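> I have a structure I would like to understand better, so I am pasting it below and will then ask my questions one at a time.
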């Protein structure tokens, strides 16, 4: 007898979550391995007097977070988290990283023991020994195997089906290949590697570098300066991974889409860069700019810089990571944006 088709639930429905829902909803229609209905947990909000879940289920568009892109009709928005994940075999986590503890606590025990997860969440947490990855939190709280997906993937471009690459990191290769089958399309090409921790760390740390790039744009420094931010940021990303990742760190992973490609696209086209540029030019706070420019969605770069700053301070390593440190101090300690240039001029890479 053929195995029952695998039920998929997407946990999250923001900009990126909705773009991924478009891919998965379309793919499962022709893949017999997966159930043809995809549930998507939606944090209920009211938009123009209507519930967001009603809009998605009737008009098949997330008008708040991914306007202008139709979702397949087999993607069903569910406002109740427990109901959304019930009996799901495959969980796709795509929420702001600061909510992962609460979400895991709420759904642990409600999914089958053999369920598999993949996290698209770009962020890290602080643990007693320093670094704690989002995948570690999910694995420890829920007891399921978890893969990661990171890459040069601006959500609106993915939703518009413009060509891009991405990277899946999975410690169990067959699980990574299963998620590749679920997610790959002719215009969304996936490489699977086993260096999962490095893949995940790239996705978090590049947002800090992008904030630095945005500061430089706000100061009108030019392309040469931004190239230096990208290079020095990459050096700090590699150094951080080699210090804090428990397993082996392959430098080759930084050449995958999750590494240098994602870093470049985020430093030129992402929301972290855009908000950081506005921060440098307007003097408004990050919180004000989130409301103004991001429809209230949370920016990951500044928050990740705060977590990284605490981890580095705990280990006495702040002076080894001047770019990461400068981003935190400018965002949260009121240091002038020009400190970004000072940190580049005196970077230990040049000494």
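A Cβ is built for glycine as well, from the same backbone N, Cα and C atoms used for every other residue.
Dumping what Swiss-Prot says about this protein:
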ACT_SITE  206  active site, proton acceptor
BINDING   12, 13, 14, 15, 16, 17, 155, 271, 298, 300  NAD(+) binding site
BINDING   122, 271, 272  substrate binding site
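For each listed feature, how buried is it and what is near it?
Under 8 Å, Cβ to Cβ, and six or more positions away along its own chain, residue 206 (active site, proton acceptor) finds 122, 233, 237, 262, 263, 266, 267.
Counting every protein chain shown, 21 other Cβ atoms lie within 10 Å of the Cβ of residue 14 (NAD(+) binding site). Under the DSSP three-state reduction, residue 14 (NAD(+) binding site) is assigned to coil, being neither helix nor strand.
Listed in sequence order, 293, 294, 297, 299 are the same-chain residues at least 6 apart in sequence whose CB falls under 8 Å from the CB of residue 271 (substrate binding site).
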> Taking every protein chain shown into account, which of the binding-site residues 122, 298 has the largest tally of Cβ atoms within 10 Å of its Cβ?
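Per the Cβ count, the most surrounded site is 122.
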> By a simple count, how many Cβ atoms lie within 10 Å of the Cβ of residue 155 (NAD(+) binding site), its own Cβ left out?
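Result for residue 155 (NAD(+) binding site): 21 other Cβ atoms within 10 Å.
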> Using the recorded substrate site (122, 271, 272) as reference, state which further residues of the same chain have their Cβ within 8 Å of the centre of those residues' Cβ atoms, listed in sequence order.
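Output for this site, in sequence order: 207, 210, 266, 270, 299, 300, 301.
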> About how far apart, in whole Å, are the alpha carbons (Cα) of residue 16 (NAD(+) binding site) and residue 272 (substrate binding site)?
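For residue 16 (NAD(+) binding site) versus residue 272 (substrate binding site), the Cα atoms are 14 Å apart.
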> Give me the CA-CA distance between residue 155 (NAD(+) binding site) and residue 272 (substrate binding site), in Å, as a whole number.
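Approximately 13 Å lies between the Cα of residue 155 (NAD(+) binding site) and that of residue 272 (substrate binding site).
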> Where residue 272 (substrate binding site) and residue 298 (NAD(+) binding site) are concerned, what is their Cα separation in Å, rounded?
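It is 10 Å, counting Cα to Cα.
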> How many other Cβ atoms are found within 10 Å of the Cβ atom of residue 272 (substrate binding site), counting all protein chains shown?
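Here the count is 26.
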